[in-house]
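Visitor: Please read through the structure below; I'll follow up with questions.
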2 protein chains.
Amino acid sequence: MSHRSIDPSRLLGRIHELGEIGRDADGKLTRLAGSETERLGRDRLVSWLEDAGLEVAVDRIGNIFGIWNAGGVGEKPVMIGSHIDTVINAGIYDGCFGVLSGLEVIQTLKSQGFEPTRPIVVTAFTNEEGVRYAPDMMGSLVYSGGLDAATALEAVGTDGTVLGDELARIGYAGSHAPGFMTPHAYVELHIEQGPVLEREGVPVGAVQDLQGISWQKVTIDGDANHAGTTPISMRRDAGYAAARVITFLRDRAAASNTPTVATVGCIAFEPNAVNVIPSRATFTVDLRDPDEDRLRQEETALAAFLEQLAADEKVGISVERLARFEPVKFDPAIVRLIEAAASDRGLGCKRMTSGAGHDAQMIARIAPSAMIFVPSRGGISHNPKEFTADTDLVAGANILLDVVCGLATGELPK
Amino acid sequence: MSHRSIDPSRLLGRIHELGEIGRDADGKLTRLAGSETERLGRDRLVSWLEDAGLEVAVDRIGNIFGIWNAGGVGEKPVMIGSHIDTVINAGIYDGCFGVLSGLEVIQTLKSQGFEPTRPIVVTAFTNEEGVRYAPDMMGSLVYSGGLDAATALEAVGTDGTVLGDELARIGYAGSHAPGFMTPHAYVELHIEQGPVLEREGVPVGAVQDLQGISWQKVTIDGDANHAGTTPISMRRDAGYAAARVITFLRDRAAASNTPTVATVGCIAFEPNAVNVIPSRATFTVDLRDPDEDRLRQEETALAAFLEQLAADEKVGISVERLARFEPVKFDPAIVRLIEAAASDRGLGCKRMTSGAGHDAQMIARIAPSAMIFVPSRGGISHNPKEFTADTDLVAGANILLDVVCGLATGELPK
């Protein structure tokens with residue numbers, strides 16, 4: 001059985017070429033949204049889109065579109081997207097792999113005389129990472145109507161710049177209204193950024209949902225007494241209370257039969273001295289679950305634990321909500337297309353949950369959407385060590401090719 | 001029954017006067033060892049010693065002595081001591097109360113025609129706090145022969161200065177050899193710096209021993225993976241492992257029937273991001289116990305726990321020793337003198353353990369020594385809120401008066 005295939009060397013060459021843009025003298029790759037280095041990356045992408053004969057459009061929030069209007073002009077397009085902005089000291093695959101694979105798929109279909117019944121569009125969304133400007137996934141959030149463009153453009157960066165000014169400066173303050181094309185369907189190909197596919201030896205992930213996220217900041221107040229002179233029974237030890245929360249969260253998640261994950265990633269003690277009992281402990285709680293009811297249950301269980309802990313340890317506890325996103329269910333029909341494509345090509349495929357946030361979760365508000373994952377070595381991402389084998393990259397792009405062919409020639413399967 | 005008494009207003013007046021020296025524009029009191037503000041405090045103390053008719057001597061490490069040679073010249077002196085250097089943003093009592101009470105006791109005895117059979121000396125030891133120069137309790141450590149004076153004088157401060165240079169600059173690089181007088185007995189009056197006397201409503205503590213201290217720095221290494229994409233079972237979470245150690249130490253100390261205390265005062269996670277599992281957790285462990293065997297048992301129990309934890313959580317754990325002092329047993333005869341003086345005056349008295357380090361633990365190497373504690377409100381010390389009621393200060397100084405009378409007129413009771 002012979003299959004269509006994208007051009008592996010063209011795709012891999014572009015991934016590595018884009019991966020060199022924004023590398024500093026120390027070899028570190030950083031292309032923050034709206035920055036001068038991101039401008040260079042955007043310019044390169046646009047030149048590739050034009051070389052492929054695509055119509056290039058930019059909307060007000062700086063999202064870039066490469067539109068192939070071959071068939072069904074006026075029909076809702078199949079949209080393939082991701083992002084090309086990066087974190088600080090990034091790897092080369094996160095986001096870029098999805099955008100460049102989208103371009104590769106369209107270029108392959110064009111060159112092979114494929115006749116879609118609707119347009120096919122590749123999109124690079126602005127500021128997915130959210131490192132310089134908050135919130136993250138901003139371009140897709142604005143595109144799907146979840147945030148007003150004018151408000152987003154006023155975002156002040158960590159460096160004091162204003163996003164709208166920076167987009168104008170680098171030439172990417174476009175004129176199209178965000179949301180100007182409503183997708184027929186949206187597909188995003190991405191590295192997993194987690195260890196599951198690699199550990200299980202499965203090359204393709206059919207992503208059926210995306211975890212809801214609950215971020216809280218917990219502050220515990222006790223008394224800063226002398227570590228030598230204060231008997232254990234007289235202590236109000238904020239650090240000990242914080243440790244109780246950390247073990248509670250982890251032990252609860254580990255004991256459950258659910259995909260719930262709980263993480264305490266940040267912590268600080270005050271006054272943070274060897275011989276002083278901590279008067280204050282501040283830490284973050286990151287709770288995630290693909291099921292909204294279960295995520296709420298976890299939040300409730302944490303709140304109950306904190307209330308009991310405050311009474312037991314005679315400490316003050318306050319909680320601040322930092323972020324909250326409901327879980328996203330992707331489109332089952334597109335998930336089945338991904339599974340079918342993998343099966344046709346003899347590739348193992350696993351239905352899975354995305355633990356990270358992606359532009360697809362925003363576009364899912366306005367169009368049937370799903371994601372394809374490929375393995376990440378060691379589960380490492382947002383790091384120069386981020387790596388996916390070339391065979392896995394090419395296999396993922398070919399699955400995307402098949403799925404786009406299906407979406408661009410018929411109605412979505414029910 | 002009438003008792004001798006020190007002059008309350010003179011003692012309290014001096015405590016408050018010295019407590020104003022080194023106060024900055026914001027009202028914060030700081031007299032770091034060898035600093036310009038400490039020079040002012042030393043100068044004031046020396047002027048009071050001279051006004052009281054005492055012979056003033058300074059040794060090579062800057063310890064100041066006010067010597068009353070009234071009786072038994074050539075006999076070993078009774079020494080009363082403490083320190084007048086402070087921490088940053090200090091209270092007015094820590095150390096100064098002991099030195100000024102020593103002066104007060106001698107001045108009282110002189111004015112009342114008391115005839116000691118041996119000299120009585122009040123001493124202010126250099127750099128007890130150890131904030132600017134390490135180690136702490138330096139002056140008494142050098143005086144008792146535990147550290148070579150030349151080495152101590154080369155100590156480089158947190159501000160890059162050299163202690164010997166600073167002592168010369170402020171005029172307190174004396175000529176006497178440290179240890180030039182071997183005490184017959186040593187007594188130190190100090191605020192408790194802990195909550196026990198206040199909580200129990202007891203005005204006098206007869207300090208019979210001083211906790212041994214074990215300081216360790218523990219580093220746990222795991223993997224910095226994504227908080228959303230890494231299942232609980234695949235994590236090597238250094239932060240969780242650190243929390244397990246904190247709860248182990250505290251729960252073990254709380255469950256024991258011993259005075260063991262365990263504190264984790266400092267902590268840091270890396271990379272310390274909300275959505276990243278900590279790859280590294282670094283924290284300090286402060287273990288204290290008045291019994292050396294028990295302190296060793298606690299260290300052994302911690303080491304065994306860490307070994308098991310490393311295996312269970314697949315993390316790397318390394319331990320660095322930061323400090324280790326064996327417990328000190330004070331002289332039982334002096335402790336009995338303190339108890340008898342309190343009883344004579346109708347004051348409640350509790351035998352207790354010092355949880356903090358004091359100059360007395362160093363002088364105990366070369367002479368029978370003990371300490372008298374008075375209550376600290378809220379157990380607070382090293383803080384502007386440090387407070388002891390005037391009645392408690394005066395009562396403590398009168399107990400010191402009685403004890404010194406006893407020590408200066410006879411042999412130590414057996």
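Even glycines carry a Cβ here, placed using N, Cα and C.
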Visitor: Which of these, A:GLU55, A:GLU115, A:GLU129, does TrEMBL list as part of the Zn(2+) 2 site with A:ASP94, A:HIS382?
Guide: A:GLU129
Visitor: According to TrEMBL, A:HIS83, A:ASP94 bind Zn(2+) 1; so which of A:HIS190, A:HIS226 is the extra one listed there?
Guide: A:HIS190
Visitor: Just going by other Cβ atoms within 10 Å, which of the binding-site residues A:ASP94, A:GLU129 has the emptiest spot?
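Guide: Taking A:ASP94, A:GLU129 as the binding-site residues, the minimal 10 Å Cβ count falls on A:GLU129.
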Visitor: Per DSSP, to which secondary structure element type does A:ASP94 (Zn(2+) 1 binding site) belong, with helix, strand and coil as the options?
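Guide: In the DSSP reduction, A:ASP94 (Zn(2+) 1 binding site) maps to coil.
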Visitor: With DSSP as the yardstick, break the domain 'Peptidase M20 dimerisation' (A:211-311) down into helix, strand and coil residue counts.
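Guide: DSSP classes over the domain 'Peptidase M20 dimerisation' (A:211-311) add up to 41 helix, 29 strand, 31 coil.
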Visitor: Counting other Cβ atoms within 10 Å of each Cβ, which of the binding-site residues A:HIS83, A:HIS190, A:HIS382 scores lowest?
Guide: A:HIS382
Visitor: Which chain neighbours of the Zn(2+) 2 site, leaving out A:ASP94, A:GLU129, A:HIS382, have a Cβ atom within 8 Å of the mean position of the site's Cβ atoms?
Guide: A:THR86, A:VAL87, A:ALA90, A:GLY91, A:GLY95, A:GLU128, A:GLN193, A:SER381
Visitor: Name the secondary structure element type, per DSSP in three states, that contains A:HIS190 (Zn(2+) 1 binding site).
Guide: strand
Visitor: How big is the gap, in Å, between the Cα of A:HIS83 (Zn(2+) 1 binding site) and that of A:GLU129 (Zn(2+) 2 binding site), rounded to a whole number?
Guide: 9
Visitor: Rounded to a whole number, how many Å is the Cα of A:HIS190 (Zn(2+) 1 binding site) away from the Cα of A:HIS382 (Zn(2+) 2 binding site)?
Guide: 13
Visitor: C-alpha of A:ASP94 (Zn(2+) 1 binding site) to C-alpha of A:HIS382 (Zn(2+) 2 binding site): distance in Å?
Guide: 8
